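Student: Structure provided below as structure tokens; questions to follow.
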Amino acid sequence: MGIMAVLMLPLLLLGVSGLLFIYQEASRLWSKSAVQNKVVVITDALSGLGKECARVFNAGGARLVLCGKNWEGLESLYAALTSVADPSKTFTPKLVLLDLSDISCVEDVAKEVLDCYGCVDILINNASVKVKGPAHKISLELDKKIMDANYFGPITFTKVLLPNMISRRTGQIVLVNNIQAKFGIPFRTAYAASKHAVMGFFDCLRAEVEEYDVVVSTVSPTFIRSYQAYPEQRNWGSSICKFFCRKLTYGVHPVEVAEEVMRTVRRKKQEVFMANPVPKAAVFIRTFFPELFFAVVACGVKEKLSVPEEG
């Protein structure tokens with residue numbers, strides 16, 4: 001019996017490997033068919049994540065509408081996509097100048113897209129503006145700019161497209177958010193407030209439009225790092241707060257997030273939280289042991305303020 005088990009083990013492993021390969025290939029093909037011929041709008045397509053989403057959805061045969069602040073950057077992205085695309089399986093992307101912090105033009109741009117295609121099947125709200133500093137040193141003007149870009153811009157774009165989705169009884173809205181929609185981090189008051197606000201809006205919207213078969217999804221990574229950003233090889237220090245902050249800032253790669261956005265669209269997921277164990281634990285502690293969480297975060301602020309500045 002023991003010899004038979006030993007002989008069967010390689011066959012079992014081979015069978016499992018084969019099934020895993022088939023599943024991965026089927027998932028890849030399913031991902032592409034899920035967006036083929038669909039009109040997909042990506043805001044802030046010039047960011048690292050925006051470019052990767054453009055690459056993934058273009059490969060899947062979507063009719064892309066790429067929105068960005070810089071025309072030269074959009075043309076460069078267009079060239080990069082078309083240079084590797086199969087013309088028989090992909091569509092020519094449409095380029096649109098859009099600054100979500102300029103609310104006066106957002107509605108016009110959204111209407112332009114609808115007039116051009118007649119509908120939008122998938123909207124990926126990706127644009128985000130960040131600011132860091134003590135709350136009392138951040139001007140109200142900057143607070144308003146952050147709210148315009150991260151909250152009012154995305155919801156304005158969404159509200160223009162929503163009636164069309166409801167009347168067609170189909171569509172999906174994906175919000176790429178951030179862990180700071182779950183809890184606040186010191187010196188990021190404006191950014192965290194905008195992320196809390198936009199998460200609240202889309203959580204409410206999800207329930208409102210479910211009866212019309214419109215899907216609302218949120219993808220919240222800890223931090224989308226740049227292509228070159230990696231954690232420094234050094235001693236993290238003994239402080240629990242330092243360890244937490246270092247782990248928190250070591251975020252996920254744009255490629256990972258773009259692939260997760262595609263999976264979210266394909267499976268029509270409602271909420272995805274991308275994080276390593278430490279930030280996930282922080283969310284748990286914030287929810288069930290808030291006083292402990294606040295104490296640890298406050299300790300980190302005091303420790304930072306006690307360190308003398310160089311020079």
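Including glycine, each Cβ sits where the backbone N, Cα and C put it.
Per Swiss-Prot, the features are:
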type     : residues                             : note
ACT_SITE : Tyr191                               : active site, proton acceptor
BINDING  : Ser47, Leu49, Tyr191, Lys195, Ser226 : NAD(+) binding site
SIGNAL   : 1-18                                 : signal peptide
Student: Tell me, by DSSP, whether Ser47 (NAD(+) binding site) is helix, strand or coil?
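Tutor: DSSP call for Ser47 (NAD(+) binding site): coil, neither helix nor strand.
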Student: Would you count the other C-beta atoms found within 10 angstroms of the C-beta of Leu49 (NAD(+) binding site) for me?
Tutor: 25
Student: Tell me whether Lys195 (NAD(+) binding site) sits in a helix, a strand or coil according to DSSP.
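Tutor: Going by the DSSP assignment, Lys195 (NAD(+) binding site) falls within a helical segment, counted as helix.
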Student: Fewest other CB within 10 angstroms, which one of the recorded positions Ser47, Tyr191, Lys195?
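Tutor: Each of the recorded positions Ser47, Tyr191, Lys195 was scored by Cβ atoms within 10 Å; lowest is Ser47.
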